[in-house]
Every structure is written in structure tokens, then in C-alpha cells.
Amino acid sequence: MNRGFSRKSHTFLPKIFFRKMSSSGTKDKPELQFPFLQDEDTVATLQECKTLFILRGLPGSGKSTLARVIVDKYRDGTKMVSADAYKITPGARGAFSEEYKRLDEDLAAYCRRRDIRILVLDDTNHERERLEQLFEMADQYQYQVVLVEPKTAWRLGCAQLKEKNQWQLSADDLKKLKPGLEKDFLPLYFGWFLTKKSSETLRKAGQVFLEELGNHKAFKKELRQFIPGDEPREKMDLVTYFGKRPPGVLHCTTKFCDYGKAPGAEEYAQQDVLKKSYSKAFTLTISALFVTPKTTGARVELSEQQLQLWPSDVDKLSPTDNLPRGSRAHITLGCAADVEAVQTGLDLLEILRQEKGGSRGEEVGELSRGKLYSLGNGRWMLTLAKNMEVRAIFTGYYGKGKPVPTQGSRKGGALQSCTII
């Protein structure tokens with residue numbers, strides 16, 4: 001008879017005892033070496049985010065074990081949705097359309113609950129079409145996505161999985177599922193995604209900057225850069241002008257991948273540093289806020305560690321440019337009508353190229369957070385007296401980057417439709 005510890009026989013022991021006991025067991029297991037399980041800073045940061053962990057893998061590869069470890073690690077505010085609970089046999093989804101409908105309804109219901117921060121979906125998730133449905137749901141409820149595949153030694157070995165899977169699938173059955181899981185699923189882009197709290201802090205700082213700039217006498221003299229034609233105007237509302245704003249949490253893009261179709265995407269995704277950093281928490285430093293007639297954003301100063309995740313070919317406007325690596329690092333805070341978010345980084349490079357050429361612009365005064373510089377042509381830079389630090393998770397954005405109806409609310413009212421930028 002096993003006389004080891006159990007919750008039932010040791011009800012007097014606090015819950016935290018079992019949490020520590022179970023988490024300490026993950027330290028020595030290679031298959032559980034993920035930042036979201038091992039790195040305490042990441043664990044703490046994820047508590048401030050809405051995250052959908054989508055597990056992928058062949059039956060018997062260790063997904064369910066991994067899912068339970070995640071739930072056990074985060075406990076409060078965490079829910080697991082498992083295809084097994086809906087009696088879904090791994091394979092083509094067509095035969096289980098009603099079961100998947102119920103699963104998705106339950107998943108969406110959890111997404112709507114304010115008390116749930118972390119959702120874990122346990123299924124094979126081997127079909128692109130199915131993943132795209134899940135990414136759309138994540139967009140709709142403003143959840144960041146982390147794709148997780150087991151690291152067990154047998155995860156792709158059909159002969160071993162035949163013995164391990166609970167569905168008694170044959171090796172041939174497993175081989176049919178394998179092609180969709182052998183290759184990494186690349187996002188639209190990789191980047192650092194800010195926590196909700198950090199996003200709100202930075203949004204507020206950006207809004208105050210726009211309000212102060214719009215009321216500044218030096219800016220009022222340059223209104224023609226923002227107002228078409230000869231329309232007379234004494235002042236303008238920059239918050240409204242930059243009305244095309246990112247929904248949900250803010251982010252700093254590292255590499256645009258276009259789901260693997262962009263040049264260099266596959267090579268970038270295969271880097272060891274990326275694999276080790278995926279789903280890990282970072283602290284980003286913001287040194288300045290800027291405005292141009294097209295965009296407004298925050299300049300990010302990357303650390304040596306963060307620069308390892310920065311592509312080597314994105315800091316140039318022309319082949320002859322020689323700006324330091326990481327120059328383009330930024331967070332888009334808003335765009336003018338009909339302007340795409342990619343323009344924010346280009347605007348920042350223009351400003352930095354001008355600075356490198358010896359023209360830092362004219363200091364025109366002090367705002368609440370630092371010194372204001374006029375750079376000409378409607379470009380303004382607020383150099384922060386004290387750098388801002390924001391917490392973020394490094395992951396991918398897997399959605400379509402198109403307007404989606406969003407659920408949930410924030411101060412100021414519900415967001416009805418947003419464009420992911």
C-alpha cells in the first residue's frame with residue numbers, strides 16, 4: 001500500500017505545500033523545460049496577461065501531462081479545455097463537428113470570464129484551418145497565444161506512440177496526423193507583448209503626451225503639417241487624429257514572418273535563442289515618445305540580451321544607412337487614418353537618421369515627462385527625463401491582422417471592432 005503524501009490524507013497541510021512540491025519536480029525533467037514553468041519572473045508576468053496556451057502534438061506525446069502541469073503551476077484563474085472530455089478521437093474533425101462546436105462554446109465562455117487569465121487547450125491541433133479558428137477567437141477576446149509542443153523524446157515516434165496513446169491508434173493512423181506537426185507553425189510576426197498593466201500605463205503616457213503637445217504653442221505654429229489644404233485651425237485633438245490604435249495589449253515587433261513566407265522567417269524561427277526565449281518574460285525600456293503626421297509611438301532601447309532576438313536587416317531605410325542595431329525598435333501607439341502600423345518604425349528610422357546627421361532638432365520646452373524637440377516636417381520627439389520600464393512576454397501574433405469584433409470592455413467603453421496593428 002502506498003503510504004506517500006496525498007491531499008486527502010494530509011488535509012492539514014496548506015495548499016502551497018503541494019504547489020511547491022509539484023513545481024519542484026519539474027526542475028529535473030527535460031520535457032518540462034519551458035520558461036512559463038521554470039522562470040519565476042515569467043510566471044509572475046503571465047499572471048498579468050490573458051494567455052491562451054494551445055498544445056499541439058500526436059496522441060501519447062505528453063500533451064495532457066504538460067497541460068496538467070501548467071494548470072497546477074498557475075492554479076487560480078486558470079482553466080483547461082481538453083478534447084478528451086468531449087470524446088473527440090484524434091484525426092479529421094469532420095466526424096466530430098458537434099463535439100467541436102460544444103468545445104468552442106465552452107472555450108469562448110471561459111474567454112468571457114473576467115476571473116480567468118490563463119486558458120490551456122489540450123488537443124492535437126494538427127490542422128492549419130483549426131488553428132486559424134482558435135487564433136481568431138484569441139483576437140476576439142484579446143488573448144495572446146503561446147503554442148506549446150511536448151519535448152518528450154518519443155513525441156514524433158509513431159512506433160512508441162502506438163503503445164502510449166489511449167485511443168489505441170495504429171502507427172499508420174498516427175503517421176496520417178504527423179505531417180501537420182513536423183514543421184513549426186510560424187506567426188504573422190514575433191515580438192514582445194506587453195502585460196495589460198504595462199499597456200495601460202504606456203497608453204496613458206502616450207495620451208498625456210498627445211494632449212500636451214496639441215496644446216503647446218510651438219506645435220500650434222506647425223499645424224499645417226497635420227491639416228490638409230488651407231483649412232484654418234487654431235488647435236487640434238491629436239488623440240482623435242491618431243484614432244487608429246492597437247486593440248488589447250501593445251507590442252514591439254521583432255520579425256515579420258508572414259506565417260513563414262517572409263524572407264528569412266524560417267531561419268529566424270530556428271535560432272536557438274528564439275526557442276529559449278519563446279514565452280519568456282522581458283522588461284523593455286522606453287526612452288522617448290514621438291509624433292509624426294502619420295504615426296505616434298514609443299522608442300524602445302533594447303538590452304544586449306534583447307538584441308539577440310533582433311533581426312540584423314531591419315534598421316535601414318536605404319542600403320547605405322549605418323544605424324545601430326535595434327534602432328527601429330518601437331511600440332506603435334496610434335496611426336492617422338489610412339496609415340498602416342509598419343509606418344511607425346520607418347518614421348522612427350527617419351528621425352534617428354536625421355539625429356545621426358547632426359540635426360537633433362530644436363528644444364522647444366518641457367512637458368510633464370521630459371524635454372520636447374521639434375524636428376521639422378511635423379515630427380516631434382519627447383525625450384523622457386526618466387525611462388519607462390514595461391513588462392512583456394516574447395511570443396508570436398498568429399491572427400490575420402484584420403479587423404475583428406472584440407468582446408470585453410475597458411475604461412471608456414467597449415471596443416466593438418479593432419484592427420490588429
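Cβ atoms are placed via backbone N, Cα and C, with glycine included.
Residues or ranges marked as active site, proton acceptor in Swiss-Prot (evidence: similarity to another entry): H251. Look at H251 (active site, proton acceptor): DSSP puts it in a strand.
Annotation source Swiss-Prot lists active site, proton donor at H330. H330 (active site, proton donor) falls within a strand when secondary structure is assigned with DSSP. Within 10 Å of the C-beta atom of H330 (active site, proton donor) sit 23 other C-beta atoms, taking all shown protein chains into account.
The Cβ of T253 (substrate binding site) has 25 neighbouring Cβ atoms from other residues within 10 Å, across all protein chains displayed. The substrate binding site annotation in Swiss-Prot covers T253, T332 and is backed by similarity to another entry.
What Swiss-Prot records for C418 is S-farnesyl cysteine.
Annotation source Swiss-Prot lists phosphoserine at S6 (among others), citing similarity to another entry.
Positions annotated as phosphoserine by Swiss-Prot: S9 (among others).
The annotation phosphotyrosine is assigned in Swiss-Prot to Y110 on the grounds of similarity to another entry. A 10 Å cutoff on Cβ-Cβ distances gives Y110 (phosphotyrosine) a total of 18 other Cβ atoms nearby, all chains included.
All protein chains included, S170 (phosphoserine) registers 12 other Cβ atoms within 10 Å of its own Cβ. Secondary structure at S170 (phosphoserine), as computed by DSSP, is coil. Positions annotated as phosphoserine by Swiss-Prot, on the basis of similarity to another entry: S170 (among others).
Annotation note: S359 (phosphoserine) sits in a coil segment as assigned by DSSP. For S359 (phosphoserine), the same-chain residues 6+ apart in sequence whose C-beta sits under 8 angstroms from its C-beta are L375. Annotation comment: Swiss-Prot describes S359 (among others) as phosphoserine, evidence class similarity to another entry.
Taken from Swiss-Prot, the feature cysteine methyl ester applies to C418, supported by similarity to another entry.
If you check the recorded positions Y110, S170, H251 against T332 (substrate binding site), the ones with a Cα inside 10 Å of its Cα are H251. Taken residue by residue with DSSP, Y110 (phosphotyrosine) is part of a helix. Counting in whole angstrom, H330 (active site, proton donor) lies 8 from T253 (substrate binding site) by their C-alpha atoms. For H251 (active site, proton acceptor) paired with Y110 (phosphotyrosine), the C-alpha to C-alpha distance reads 24 Å.
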